């Protein structure tokens with residue numbers, strides 16, 4: 001940035017901070033309604049600000065010195081100081097304005113008019129019973145401590161004060177295994193228990209410690225030390241820590257010694273990744289989240305009593321690691337999902353159900369169908385995809401072509417979701433590519449159109465014909481005469497029973513490019529066949545609907561409903577795209593489409609039937625009108 005730009009930026013108007021409710025309340029303060037006298041000076045130069053937790057004793061007296069209420073035990077209170085978070089807690093106006101003027105350890109006397117305490121209009125704090133809220137009063141405040149607060153619960157029932165910062169960004173969560181040293185004191189400072197030598201071990205999410213403590217620990221980093229303030233509503237019973245349920249609040253001092261990452265990958269407890277040895281780097285920034293080339297050692301075991309080992313790369317592969325590219329379906333889905341969340345050098349134990357293990361993947365010897373397995377995986381390292389930043393146009397297109405070719409291979413293997421992901425990855429990268437001349441622009445545009453149509457082909461194979469149409473539209477909106485776009489969209493229209501739209505697209509192909517007439521004619525023949533099949537299906541399914549007497553119409557309706565229950569089981573067509581190829585690949589795929597939704601299949605039949613119903617109703621209405629006319633004529 002140039003110096004002139006920097007100077008100009010310094011003089012740009014700053015965004016005005018929005019006014020808070022507390023700011024609005026402060027504007028109502030009348031001079032002389034709040035007076036302060038320092039009884040004992042505090043230490044240091046700093047004072048609390050919004051976002052700080054303040055801990056203080058408060059004694060309220062009349063101007064004659066009679067104690068109205070107090071937190072101090074010697075003045076009739078419980079001995080438990082008040083904890084508030086400036087800017088978050090509901091406070092009387094006098095303290096909201098007065099406490100930020102104090103230093104730690106200071107004792108001050110605030111003389112308040114009624115409107116500065118509980119007589120304030122719309123005061124957010126209710127006055128205690130029998131409190132003289134219409135009187136001028138003295139509030140003696142001792143500011144015991146203040147510090148930055150981490151609010152762990154919206155109702156301020158759990159607040160954390162950091163004593164020593166931890167390491168890294170990761171915090172424990174369900175179902176992580178936690179190792180922590182924990183001590184506890186009541187709100188008045190009495191020690192409940194001290195466990196500073198041997199740490200506690202517990203699992204997140206199993207209610208082994210009070211709820212508030214678990215919430216607070218969930219905000220901590222490894223080796224962090226903190227005080228977690230927990231109010232009564234979060235002091236739930238737990239088997240590991242016994243807390244008196246009569247206590248109003250407890251202060252837990254916690255040192256998070258270690259935690260073991262345990263991840264429920266599916267959220268239902270079936271696919272679990274448990275870290276055995278930490279890796280190098282920060283989670284998740286240094287994990288192979290993107291498609292990468294990975295190198296791993298692994299041991300596969302059956303989930304039986306013997307933990308039978310069916311494969312060990314160190315033994316069965318002569319200590320040579322397995323190397324594979326993620327995002328290509330080269331390993332079981334559960335295996336790949338977990339390795340994407342590993343750090344280099346990490347060892348993890350993965351427990352996997354059969355549908356994410358070998359039921360949908362070639363089974364190794366010794367693994368039966370429906371077998372649950374465990375893998376012990378060590379991520380040795382990985383190579384990330386080449387960064388396109390700084391590459392020239394030709395290099396970028398070469399990289400794009402490599403990824404597209406991989407997608408085409410996956411498509412031919414019937415791995416449509418994986419293929420789609422490859423095409424979409426290139427399309428995302430293309431958002432940052434700027435061709436420099438007309439030739440580059442044409443190459444870039446043609447490639448992008450090709451990728452969109454490949455995505456559309458994947459969606460069609462996956463049964464998502466509507467999304468396939470929407471994707472084709474991205475090409476046709478910019479280039480209405482794109483022949484392959486018209487063909488692909490026409491096929492998607494056929495899949496959805498939108499036969500008129502399909503016919504329009506195929507006819508448009510012939511109009512814009514005579515060389516496509518053979519393909520368009522073949523598509524029109526296929527369309528005609530589909531229409532005939534749909535018509536025949538409709539006649540068969542609704543046979544007898546108009547032959548029934550009026551009293552029998554309900555019975556016919558029930559027949560229709562019975563037929564509709566089984567419509568999803570009817571394979572009305574073969575693969576719509578037997579002759580269809582991906583751009584420049586020239587190879588047909590060997591895979592059947594997923595079953596479409598009932599509504600998508602049934603619509604052409606229902607449309608035909610509704611037309612017939614309309615005709616029949618019209619005939620009936622005309623008959624009624626003629627009858628009424630004749631009757632009127634002869635009466």
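Backbone N, Cα and C atoms are what each Cβ position is placed from, and that goes for glycine too.
It should be emphasised that the depicted structure is a prediction, and the values quoted were computed from it without experimental measurement.
What Swiss-Prot annotates here:
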type     : residues : note
COMPBIAS : 1-10     : compositional bias 'Polar residues'
REGION   : 1-28     : region 'Disordered'
DOMAIN   : 51-147   : domain 'PPIase FKBP-type 1'
DOMAIN   : 175-260  : domain 'PPIase FKBP-type 2'
DOMAIN   : 291-383  : domain 'PPIase FKBP-type 3'
REPEAT   : 400-433  : repeat 'TPR 1'
REPEAT   : 449-482  : repeat 'TPR 2'
REPEAT   : 483-516  : repeat 'TPR 3'
REGION   : 569-593  : region 'Disordered'
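Secondary structure of the domain 'PPIase FKBP-type 1' (51-147), assigned with DSSP and counted as helix (H, G, I), strand (E, B) and coil, comes to 15 helix, 37 strand, 45 coil. When DSSP labels each residue, the repeat 'TPR 3' (483-516) comes out as 30 helix, 0 strand, 4 coil, counted as helix, strand and coil in that order. Helix, strand and coil content of the repeat 'TPR 2' (449-482), in residues and according to DSSP, is 25 helix, 0 strand, 9 coil.
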